[in-house]
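These notes concern the structure reproduced below.
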Amino acid sequence: MSLKLTRTPRTAVLGLCLALLAGLLSGCTGDSGKETIRFTFSKREAIGFMTKLVADYNASQDSTEVILDTSGVDVVSASFVRGNPPDIALANYNMETARFVQRGALSDLSGTQAATRVRKDLQPLMDQYGSYPDRTSALPYSVMASSVIYNKEIFAAHGIEVPETWSELLAACDALKAAGVTPFYATWKDDWTVAQGWFDYSVGGQLDTLDFFDKLAEAGTDVGPDSPASFQKDFEQPVEKMLKLAGTYVNKDAASRGYGDGNLAFSQGKAAMYLQGPWAFSEIAKTAPDLQLGTFPLPMTENPEDLRVRVNVDLAAWIPEESKHKEAARAFLEYLYQPEIIEAYNKSQLGFTPTTDADAAPDPRIEGMVEYYDKGSVYQGPSVLVPRTIPIMNYTQALVLGADPAATFRTLDADWARLAFRQ
Amino acid sequence: MSTTTATRRGQGRPESRSRRRVEPIFYFFLLPSLVLFTLAITVPGLVGIFFSFTDSIGIGDWEFAGLTNYIAIFSDPAILQSYLFTFGFSIVTVLVVNVIAFLLAVGLTSQIRMKTALRTIFVIPMVVSGIIIAYVFNFLFSNSLPSAGAAAGISWLETSLLANPDLAWIAIVVVTAWQAVPGALLIYIAGLVSIPGDVYEAAEIDGASKFQQLLKITAPLVAGYVVINIILGFKGFLNAYDIIVGLTNGGPGTSTRSIAMTVIAGFNGGDYAYQMANATIFFVVAVLISLLQLSLTRGRNTL
């Protein structure tokens, strides 16, 4: 090829690169010259609250412009892979975030004011997902306890007391059913509602999940019928009880109902109990603000001492190592942890504030769980302790829709062993 | 290629000089696509294949893992199931789409009233985004059909098709076909219009019935278009993703997880290297299928 030929494409490539570069650069600074930080938050029940909070913060100072990004968990994970993570996030703390922690993708927050005010006794909840040496990779922002939500008006109308044992629960369900009331409203179309409610409450109420997963991790590639702990041995009993409830006491159209349908139906009094976390309260309140609701731990054994509630770090704050605006992000973090803000947030979402200076004045709707939370009768749900690459939510959905439990748990054991083999 | 150059070179100067003087503008046309294709497809593809031999989760530190991922894949029933599902789904859908599209095209090229208006209506599904179609149909399957079933007293209609692990794939075929028919339809219409009218006239004179004309004239003369539609359709359906996500999200249980969904789940769920190995295998399978299709169709039915 002659020189003339190469020059034309070279100019074209140069022009292309310049155009790309211009696009990249303009992304860094806002039009007003403020430093722009991207704040990821995708808890849909609280987006209204956060939108207002971000607007207030942007109005309160001139140096930083916070942009609220609500595009969701999957997008955030992908952004890490692409090397373009958000500058700060408040996100559900689970196995998903744990990966970022374990591989050192999150920056150290131990020097912040906020870190000194976080309750130390909550650390086990965070550490359960692993840690990175000499770093405080994430700070808890909102702890949620979840258990059975029940309609106090329906319970009172039929003279039913809150059950404390498995047989009392069955008796209550039978009484409701006899009176023509659907005992549980189930929303099996959304697999996560099966996993976090039906599956976690049933298994967590009967099994020491922490101990189980420790043993499972130890067994690694050997997980199977002969290992000290395995899904097929330890989960079959608890799940049998779950299937008893799921097969007898739910709405007829459970398989085609989703989370949104469930909130609406429950607010209309179409069932007495609902296996959802406190995040559902604000959704239910949209259509029935005055409905009398309460909570109680799902009794799965005959011993009231076994009653426990499921807890999780619903939101944790973290700042990625790769963020180019760490200082601005940390300033916003301190703002988020100001007592009046973090408490207002948790009050609005019925969560527990994880700071030492928080005053505990629980909403009547979550009063039923405070006792258990305070004395530490809590567990983390098994569904959140399984790595996300194993489709545990799909499996639990298959279970309530009629899949064979023994076969499902054999698959789960094999998945676990295979994951241990390659990681 | 080399033989032609050799013969041409032997034919003296003027010829070879004119060959060398290709208009530079042609290279200029090729260049942007070549650069973009390399940067956006080839390079990431090679990077992905490289990472399939590591234990990377997409971020942070990683180590070489040799063939570990590939060994694990071949013993993974979930991956095997996703391949079975995807291929079964693609074959059924390609048949459904082509039969419907062909019959519609025959109807829409014959002498009927409001031909243009009808063609427009049938093409509309093509311009709507897949995920939107999926959510609309999701609502129809989960709410409208069951209530209609309840009202009419048809008990099997009362539970959603999407909630049945054995039948949910049918819903996916229906919705995918609904979206894919217009594309195939347009190609068939083009094919049918290109058949000269005089062959039909001749057939008419010879006393062939309309049905015989369809079988003996129309069908053979659009055979090339059938091949095109089947190849394009099959290739597209193997990558099924958006409609499944909107309809069942792989459920109920794991009954409708396509290959693309398992690959993306690895991207999102910390299994990057493993699913890159899966994607590499999928790539090899796709190349094999393309070669098979090429060899089957070479020579015949070329357009």
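Any Cβ shown, glycine's included, is placed from N, Cα and C.
Small disclaimer: the values here were computed from a predicted structure and weren't measured.
According to TrEMBL, the domain 'ABC transmembrane type-1' annotation covers B:83-293. Annotation comment: TrEMBL describes B:25-53, B:83-108, B:120-141, B:167-193, B:214-234, B:276-296 as transmembrane segment.
Here the transmembrane segment (B:83-108) does not touch the transmembrane segment (B:276-296). Their Cβ atoms form fewer than 3 pairs under 8 Å, with each pair 6 or more residues apart.
Long-range contacts of the transmembrane segment (B:214-234) within the same chain: residues 90-91, 93-94, 97-98, 101-102, 106, 180, 183-184, 187-188, 190-192, 195, 199-200, 203, 208, 289, 293, 297, 301-303, each at least 6 residues beyond the stretch ends and with a Cβ under 8 Å from a Cβ of the stretch. Per-stretch counts of Cβ pairs under 8 Å to the transmembrane segment (B:120-141) identify B:167-193 as the leading one among B:25-53, B:167-193, B:276-296.
Within the same chain, residues 62, 64-67, 69-70, 272-274, 276-277, 279-280, 283 sit at least 6 positions outside the transmembrane segment (B:25-53) and bring their C-beta atoms closer than 8 Å to a C-beta of that stretch.
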